[in-house]
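Engineer: Quick paste of what TrEMBL says about this protein:
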type     : residues : note
DISULFID : 53-401   : disulfide bond
DISULFID : 257-271  : disulfide bond
DISULFID : 425-431  : disulfide bond
SIGNAL   : 1-17     : signal peptide
């Protein structure tokens, strides 16, 4: 009787644990913002900012909101539907146990079937940015009480439509009720973009040839790293459902799970094929891919973001200058608002040293490689759902504090609207501006974007010799020209 009772209690606990598992919180960078934005490190205690300190400037970097699958992924889903038909037919012919097959697979078609284009910001993504703007405005009323002017609130986005659409949705929320357009009292606002070919602030990865080559060289390594996990889970699914799934099928089913759960809130189809432990392994594999190709896995991944870091520090220094000169409100910039991609947000988070473990910050300062994030069930800081979900964002808020404090200006870092520790500043979220510049920013500024990204600079000696040769030829030309001028002048004097 006691054994039966223990088994019943074990089953009950396991059932409750599985019910509590929300797959939508484990979709790496495909996670919806509203689902994951409040996942934080409970052990971290944010700084108590003195009442006398007032915010004087805000830098925002936000990823675009939730988007539709891209054209390539839509085709992959259509191919998966055809593949499932083949698997079901094969199971029928082999007289397999069809009772194992989940009912939804029979006749399943992709929710995006018939779509010829994709990748656009969807309604949920618009709402994410719209409401984010309202929350930021409410949190920092001192910064957003001025009349709109593009020099006071510059808004920048990449030329990719989902990023610029995200900027528009954010602007509509930020300035809602402050204009005369329509029943919502909206107002027009300016949005600027750089060409994709030269946007080294928000699409530095697109302009960096060395990074493109590095990424291409690492993709086979990433595939090899993920293969054992995909194979293990593929074999489990074959046994569980009696269908002859392949590794590619498994990869497509995981993508389908992420899209259904994130975009459609459907968790009882593709996601239900997987156990919680399998989801955690697949999430880890995605996070490791992000670590290697976009994050701390290689210093180039984030150092190419130096132009963005310089732009952010420059904005802070200009705000301090305006404060020191006691310039009139409305005559200087209050916030610089940027909208881009995971390929921007992830490297920038690395530049300022977020989501590190233990002594990893010191390793980065010494340009030493980091180990891969620990595998489940071990705990890790590096999670795509926290680092760069849809609409994920990073805010650097500059504060002016009383002169009697240890420093006059401080920087607070918020990630997804929550204060986060900076290892470079004693694991505090509130850092003296000079310390921020010295310990976090300065080590990166010794790297020049063109030097990092230009493959031609691989032969400095050869280029140096070439330059010297041209210099010698130029000096010789100048000497000959001066001699000719002197002869001409002498001839004139003789005449």
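Cβ atoms are placed via backbone N, Cα and C, with glycine included.
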Engineer: Rounded to a whole angstrom, what is the C-alpha distance between residue 401 (disulfide bond) and residue 431 (disulfide bond)?
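Structural biologist: Between the alpha carbons of residue 401 (disulfide bond) and residue 431 (disulfide bond) there are 12 Å.
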Engineer: In whole Å, how far is residue 53 (disulfide bond) from residue 431 (disulfide bond) when you measure between their Cα atoms?
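Structural biologist: Here the two Cα atoms lie 13 Å apart.
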Engineer: Work out how many Å separate residue 271 (disulfide bond) and residue 425 (disulfide bond) at their Cα atoms, rounded off.
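Structural biologist: Rounded to the nearest whole number, the Cα-Cα distance is 40 Å.
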Engineer: Can you tell me how many other Cβ atoms are located within 10 Å of the Cβ belonging to residue 53 (disulfide bond)?
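Structural biologist: Around the Cβ of residue 53 (disulfide bond), 17 other Cβ atoms lie within 10 Å.
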Engineer: Given a separation of at least six residues and a C-beta threshold under 8 Å, show me what packs close to residue 425 (disulfide bond) in the same chain.
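Structural biologist: Non-local contacts for residue 425 (disulfide bond): 431, 432, 435, 436, 439, 440.
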Engineer: Reported as an integer number of Å, what is the Cα distance between residue 257 (disulfide bond) and residue 53 (disulfide bond)?
Structural biologist: 46
